[in-house]
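Asker: Here TrEMBL flags A:29-52, A:88-109, A:118-138, A:150-171, A:178-199, A:226-243, A:271-297, A:339-358 as transmembrane segment.
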Amino acid sequence: MTSSPVRLPHERPVRPAHARSLRLGSTSWLLRLRSATVALVLLAATVLLMALGMRIGDIPMSVPEVFQAITGDGSDHFVVMELRLPRALTGVLVGAALALAGAITQAIARNPLASPDILGVTTGSSVTVVAVIVAAGSTAGGASGALAEVGIPLMALAGGLAGALTVYLLAWRKGLDGYRLVLVGIGVSAVFTNVKYWLLTVGDVTDSGRAMVWISGSLNGRGWEHVVPVAIALAVLIPLTLVGTRSLGALRFGDDTVTGLGVRMNLARGLMILAAVLLAAVATSAAGPIAFVALAAPQIALRLAGVGQPPLVVSALVGAVLTAASDLAARTLFSPVELPVGVVTAVLGAPYLIYLLIRVRREARS
Amino acid sequence: MSTVAAATRPPSRGRARAIHRHRLAVLAGLFGALAIAAMLSVMIGAKPVPPADVWHALTGPTGSENDIIIRSLRIPRTAVGVLAGIALGVAGALMQGHTRNPLADPGLLGVTQGAAFAMVLSIMVLGVTSLYGYIWFGLAGALIASVGVFALGMAGGRGAPTPVTLALAGTAVSAFLYALTSALVLMDEQAMDVFRFWQAGSIAGRGGDVVWQVLPFIAVGLVLALINAPGLNALSLGEDVARALGQNVTLTRTIGVAAITLLSGASVAACGSLAFLGLMVPHLARPLSGPDHRWLLPYSGLLGAAALLAADVIGRMVARPGELEVGVVLALTGAPFFVFLVRRRKPVRL
């Protein structure tokens, strides 16, 4: 893959307008000015939304007070650093991880409807967590204390990875076909979803309620122990996926073309899927399956950056903004009732997708 | 374009007759399978009833214990299963034909989530508690959601929406409604208690009145579906070809969506989410029928009903004396079979 850049016969080697190349040894990336600007704006929005979110709580603060509390010491310092900052960070990191996983999945499946749900991750972890909450429910003294803090994220991670492994093994047949992967994923997800529904009918109504909050995706009571795993996953996987984007760009041309272009297709695709699965599983274990971020963020990012395929970094930032804004809305709209963030991501994300649909059709007509 | 080539070169008369006979034989076979499944569904349960007693209950009931079980529990339950199975099988085949998406199922056009949202709303706002009360709301919700999806697919463009637009609109509306439903349910424990049992998908405890409530909708839906079949055949050659062949594409699409909505809305409102049936059945029926929707739709309906009843019987047998919801059994038995089909060969592309 270090050979000279690929050229289709009829194509002159042109560089897209407003793009610069970023060279590192033998590899190079295109650096698009529009993408870079969008990324910076999104980064600023993320920080602002985090600060706005950290104002809320038993002791209301203003944004300057939040920043003062971070630098200073005293009771506010403890509240912000131990309670509010980890919650805000969990939201932002989880959003970024889910969006990144969605962008990779959509590029591989060549389908804007693909999301990590199809890979069995979110449904797999939902089943195991509902099982834990229901099984350890009222009869076993409730899923509280150590089991709730360590057991649920661990079970979610295990369930997510097991779900993805099931889909992968069932879809593998002398290689991995994107179309077959999606079909198998739909099948496996349907099983998990219905088992989850059944588990919800087995348990006590209060336990089922708690399980429903978890499977809606919630950031309530998230601490540093939730931040660290997601942060590590992102720190390791973002650079790896950026290297992988070169093959990802080729994957959309179709299997035969890609093999002809000299990309080791199954290896490239397998590694990228593994990255998507890990990101989604870690994110889900921290905050539950927050709906729609993985599906909507890459599509939003694609329009913002004005490119043909979900851009990874911009997608991650859109995911962070979407999640942070949704959590803010979830906590303030029906105050004092705090909704799970996943409810709001869906309510916000879905109309945006509808708006996009209408706009795209209108553009296609004119 | 091989389809067009095949269509312009009609098979010889003898061969056409043989194909026709073969198709009728398959149809009869599917009817037989459905009859066997229905018989088992009436006989098997917490209290097994021998065939002679079933006959007795059907022809001259005398009010014995078995007569009451058969007439008031098993027959309505079986009838709901047959209706929902036919409806979901035909709706799945129509949906896959119209969207040309092999993954299409009643969840896709927002039908399931529309029904769920309206039912939860009726439970919370109006205090409706009986299944017979909120089934109407479920039906209304299903109708509104799928008409909304179609309207969104139409918005901003001229003529019928493309498959991708329709699928995207369906996903968006489903996600939106599911979020609203879970928000409502999380605020009201009583509504959640009703909702979680409906959501799991079951045909247990549905009385005769549920059959009469959903029957008109399903009957109209089936008639529309059969009217739609020739137009759908033309559409499967692509919209431009269909238009050139003299098809009114918008009319065909509208009839199709009306049929899908009525069929899946009625069955979802009555039985909850029966995932997988509408997705799986057309894939099983297509190898038997070929691409002709005039045969695919009836095959899918019969196969859907037989599969639903078989799954329900299995659910009653594995967890005696209790039972496993049919929605769970359908997913657990249907999915491995589906995965096997996907792996064995390339799925029939639409």
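Placed from the backbone N, Cα and C atoms, the Cβ positions cover glycine too.
Tell me about the setting of these features in this model.
Answerer: Among residues of the same chain six or more beyond the transmembrane segment (A:118-138), those with a C-beta under 8 A of the stretch's C-beta atoms are 101, 105, 109, 147, 151-152, 155-164, 166-168, 181-182, 185-186, 188-189, 192-193, 195-196, 199-200, 202-204, 206-208, 210-211, 214-215, 273, 276-277, 280-281, 284-285, 288-289.
Long-range contacts of the transmembrane segment (A:178-199) within the same chain: residues 108-111, 114, 117-120, 123-124, 126-127, 130-131, 134, 163, 166-168, 170-171, 211, 215, 269, 273, each at least 6 residues beyond the stretch ends and with a Cβ under 8 Å from a Cβ of the stretch.
Outside the transmembrane segment (A:226-243) by six or more residues, the chain places 27, 29, 86, 89-90, 93-94, 96-97, 100, 104, 153, 271-272, 275, 278-279, 282-283, 285-287, 312-313, 316 with a CB less than 8 A from a CB of the stretch.
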Asker: Where among A:88-109, A:150-171, A:339-358 do we find the most Cβ pairs under 8 Å to the transmembrane segment (A:271-297)?
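Answerer: Result: A:88-109.
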Asker: Quick test of the contact rule: Cβ under 8 Å, at least six residues beyond the ends. What residues does that give for the transmembrane segment (A:150-171)?
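Answerer: Distant contacts of the transmembrane segment (A:150-171): 118-129, 131-133, 136, 143, 177, 180-181, 183-185, 187-188, 192, 214, 226, 229, 273, 277, 280-282, 284-286, 288.
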Asker: With a Cβ cut-off under 8 Å, give me the same-chain residues at least six positions beyond the ends of the transmembrane segment (A:339-358) that come close to it.
Answerer: 91, 213, 216-220, 287-293, 295-296, 299-300, 303, 322-323, 325-327, 329-331, 333
